[in-house]
Amino acid sequence: MKDHYEKVITLCCFLFIFANIGLPSTSFSVYQPYIVAMPAVGNTGGSIILAVRTLTTIVAMLFVDRYFNLLGARMGVCFATILTAMGFFAYSIATAMPMFIIGAILAGAGYGFGGMVGMTMLVNRWYEGDRGSAIGFATVGSGVASIVIPVIVVAIISNISLQIAFIVEAYMALIIAAIIGVFLRNDPSAMGMQKHKHIATAAEKAHRVTHHKPIPMPNRTRNRFFLALAAVGGICMGALTYLSVYLTTSGYNDFFAAAMLSVAGVSLTISKYATGKLFDKIDTARATAIMFGLQTAGILCLCAAVVVNPLFAIAGSVFFGAGMALGTVGTSEWSLELAPEHGRGKFIKNCQVVYVIGGLVMNFLPGPLKDLLGSYFYTYVILLVLSVAAMVIVVATLNRWRAPIEA
């Protein structure tokens, strides 16, 4: 096992992404109808719970580099996963807003301290080659949660209770925390190993550059790149949240709208791993352009779906779901490719913070736009513009600010 321990690290990353992002965020929408139905919560309270969780995640991310410097990756991720478990235990005893808010704070902290930043740092420490594949596999964890957890939760709530469903997820997180505590290691040197290196074939050496050394970016360029990351966050965190209501208010039935959510979720889950492989096989800038192309095509189809043509809705869900992999695999790979030699952890953290802030802003925008203009269609038009603009900025930044080093 020791000869290929990087695979154990990748599996640990998969597990804590499943626990810290998949449980409290990606799959949590399954609880919303039951939570807002509580007299002491309601629709406004349900929105506040999600907002508190997201804001806590952002605050945690602001300090995540110091957090890992203090505890190390192994203990840091383990403790973050315990925070997620504590959040679900708090949800399980909540009957009014105060305890739900405590649960949201704990779960948000677990996400911020034990999510994408930790995974990206660990992959960078353990992999010199095949990095994209490792990131792709790890991020599938949240996608698996979005497919599996809702089925389990609905079954438990229908046959037992809402409280037991929360408790089951809490114990899932605790078990994963224990696995991480036993098997995760901070870096290869802790085991007397070196980073995993991909042995390139002659054909691979002829067709791609395997490594890039980042060139220091001027502040204006870095800020423009961060704006593009915020746009990607808005697209990937906002568009899917409102897909169901957009389709139903456009004239599709509830069953079809729910099915499109599932289609997009499955497409995203498959795409995460495929995108990671694509980043390893070809240059990052070209792979990014391809995935942005899929994402933009998907949003364009969703805009066209306003005419109530199921083919547009299906194509849009498939392509957009695939392109959403940029929000996880893409952001991690870009931050590693562009991070300066000094301050790498801080740059990775800042990329994730900006991404989440973009998602938070976009989650607040569709409702007021609907009230003002009468349709969610205009939200997707804005997302289409953002997708094109982000593609231009990100691809140009990757092409300009990396110095190629041949394998």
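Just so it is clear, glycine is given a Cβ too, placed from its N, Cα and C backbone atoms.
The domain 'Major facilitator superfamily (MFS) profile' annotation in TrEMBL covers 8-402. Confidence over the domain 'Major facilitator superfamily (MFS) profile' (8-402), given as mean pLDDT on the 0 to 100 scale, stands at 85.
Feature annotation from TrEMBL assigns transmembrane segment to 45-64 (among others). When Cβ-Cβ distances below 8 Å are used as the criterion, the transmembrane segment (45-64) is approached by residues 24-25, 28, 32, 35-36, 38, 97, 100-101, 103-105, 107-109, 111-113, 115, 117-118, 349, 352-353, 356-357, 359-360, 363 of the same chain, each at least six residues removed from its ends.
Residues annotated as transmembrane segment in TrEMBL: 76-94 (among others).
If you look up TrEMBL, you'll see 100-123 (among others) marked as transmembrane segment.
Taken from TrEMBL, the feature transmembrane segment covers 135-158 (among others).
Sequence-distant contacts of the transmembrane segment (164-184) (same chain, at least 6 residues past either end, Cβ-Cβ under 8 Å): 8-9, 12, 15-16, 18-20, 23, 31, 73-75, 77-79, 81-82, 84-89, 91-92, 110, 122, 149, 152-153, 156-157. Here TrEMBL flags 164-184 (among others) as transmembrane segment.
Annotation source TrEMBL lists transmembrane segment at 225-243 (among others).
Feature annotation from TrEMBL assigns transmembrane segment to 255-275 (among others).
Same-chain residues lying 6 or more positions outside the transmembrane segment (287-308) and placing a CB less than 8 Å from one of its CB atoms are 132, 235, 239, 243, 246-247, 250-252, 271, 275, 278-279, 281, 315-326, 330, 334, 375, 377, 380-381, 383-384, 387-388, 390-391, 394-395, 398. Taken from TrEMBL, the feature transmembrane segment applies to 287-308 (among others).
Through the fold, the transmembrane segment (377-398) approaches residues 217, 221, 224-225, 227-229, 231-232, 234-235, 238-239, 242, 246, 250, 284-285, 288-289, 292-293, 295-296, 299-300, 302-303, 306, 323, 334, 337-338, 362, 365-366, 369-370 of its own chain, all at least 6 residues removed from its boundaries and within a Cβ separation under 8 Å. The feature transmembrane segment is assigned by TrEMBL to 377-398 (among others).
A Cβ distance under 8 Å defines the sequence-distant neighbours of the transmembrane segment (100-123), meaning residues of its chain 6+ beyond its ends; these are 9-10, 12-13, 16-17, 19-21, 23-25, 35, 41, 45, 48-50, 52-61, 64-65, 67-68, 73, 76-77, 79-91, 94, 131, 134-135, 138-139, 173, 184, 328, 331-332, 335-336, 345, 348-349, 352.
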